[in-house]
Amino acid sequence: MKSKIIKVPDTKIPEWKTLNLASSRESVNVKTLRLLSGLVAADKISSRLRRLEDLYHHLLAHPETIAFACKRNAVQILLVMKNSQRDKITLELIGQLLAIFGYVDPPKSRGLRILSIDGGGMRGIAVIKMLEKIENLSGKKVYELFDFICGVSTGAIIACCLVPPHCMPLDKVHQLYRTMSSKVFNQSAFWGTSKLMWNHAYYDTAIWENLLKDYVGNSVLIDTAKYSNCPKIAVISTIVNHSKVAPYIFRNYGNPYNRSSEYHGGFQHSMFEAIRASAAAPTIFEEFRTGNILHQDGGIIVNNPTAVALHEAKLLWPNEHISCIVSCGTGRYDPLPMTDQLRNLKEGSTSWKSMLDKILESATDTESIHTLISDILPEGVYFRLNPHLSGMVSMDDINDERISRLEEDTNMYCRRNEEKFVEISKILVTKRSVFQQTYDKLLYHTKLFKSKIN
């Protein structure tokens, strides 16, 4: 008996669907072209501003058309306009649009200056102390000393607080940590355990969110590009609801045309969203959602973001050499020898929370990246700042004595490494050479000339 052959129906996508997709993309590109043409034709400040704003909102709504706009000389059009404008608001809008297109000005120093800040919760106070040392030696603020700043978890908090529009003094950032200790982490074990059972977070995330909003508000990352003195910043979280966990980069810049990052990311987020996502440490705070992406602490997979910072910076400045990378750790504590640890385990069991803390600490190792980077980069370029601590300080530590000891250990580290801090400060304030400045101007005017020809 012959079996019947059953024909499987054709599963081709209906032609009307592909036509709709193509026509939708085409209509977006047509509007992009119309906006660029209108920008070129604008002869009054008011009409120019309106068209710049229209283009800005159009690109935010349709990031898929950014590459098309670049192919239609959007960057050159904006540079020509920037070169002939003196109106402050116009220049700010042009700065934001150029950032979306991944355009960057040359560094102000002889090469790229990169700051990378590890995760570590309350130990971020150590980073604040070390940055204070650099500011005092250089006579400049952190955001004036670096071209690119990258932070994860507690490093994200520091990075976003220090750059425009906030430009917080380091003592105010220090106060944020003290407030975090007293208002967020000061909670009974009973309530913490209850919250952990229901919300997967030991602490009240709403209190943390309100505190964060008080400090950074709803500033949008890409809007920081309107400040000419604002460095490029990258904040890292971990995507946890995809098939594979991966880093997500909150940026204040877009990818340059024909060059793309290895990491998912976006520039349309607020600073609050960036910090909240990057610092959503498992068991400490609830995870955070943006659109269809669920974020947890970036330190889960990238607790030392130096390698990511290097990758992102070279994406923006592919032809610039690295002048200085300052990688700030949040302190190292060398525990007891293994035999002593085993003896302590025999004497008594540890609490479930301390066990979770130890697992989290071991999963967020930072020194392997340090070893790799120090092997790759030449001497005198890469500087790792990571004080040795005399005692363990947990991510959510509220003990005043331990926090004070952390500060004392960091101050001692700064004194013992005075020469290193002096060397870093000298490199950071070194101005661009006359030859480099001349070459930069030549490249800039070449772009303007090409725009006029086109």
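Cβ coordinates come from backbone N, Cα and C, glycine included.
What TrEMBL says about a protein is an automatic prediction, not a curated fact.
Since this is a predicted model, take the numbers as computed values, not measurements.
The active site, nucleophile annotation in TrEMBL covers S153. The secondary structure of S153 (active site, nucleophile), as reduced to three states from DSSP, is coil rather than helix or strand.
Marked as active site, proton acceptor by TrEMBL: D297. Neighbour list (D297 (active site, proton acceptor), Cβ cut-off 8 Å, at least 6 residues apart, same chain): G119, V152, S153, S237, T238, S278, A279, A280, A281, P282.
The domain 'PNPLA' annotation in TrEMBL covers 115-310.
Within the model, the motif 'GXGXXG' (119-124) carries an average pLDDT of 94. Residues annotated as motif 'GXGXXG' in TrEMBL: 119-124.
As annotated by TrEMBL, motif 'GXSXG' applies to 151-155. Within its own chain, the motif 'GXSXG' (151-155) is flanked in space by residues 116-124, 127, 233-236, 278-279, 281, 297-299, 302-305, 328, 330, 395, which lie at least six positions past its ends and keep a Cβ under 8 Å from the stretch.
Within the motif 'GXGXXG' (119-124), the DSSP-based counts of helix, strand and coil residues read 4 helix, 0 strand, 2 coil. According to DSSP, D297 (active site, proton acceptor) sits within a strand segment.
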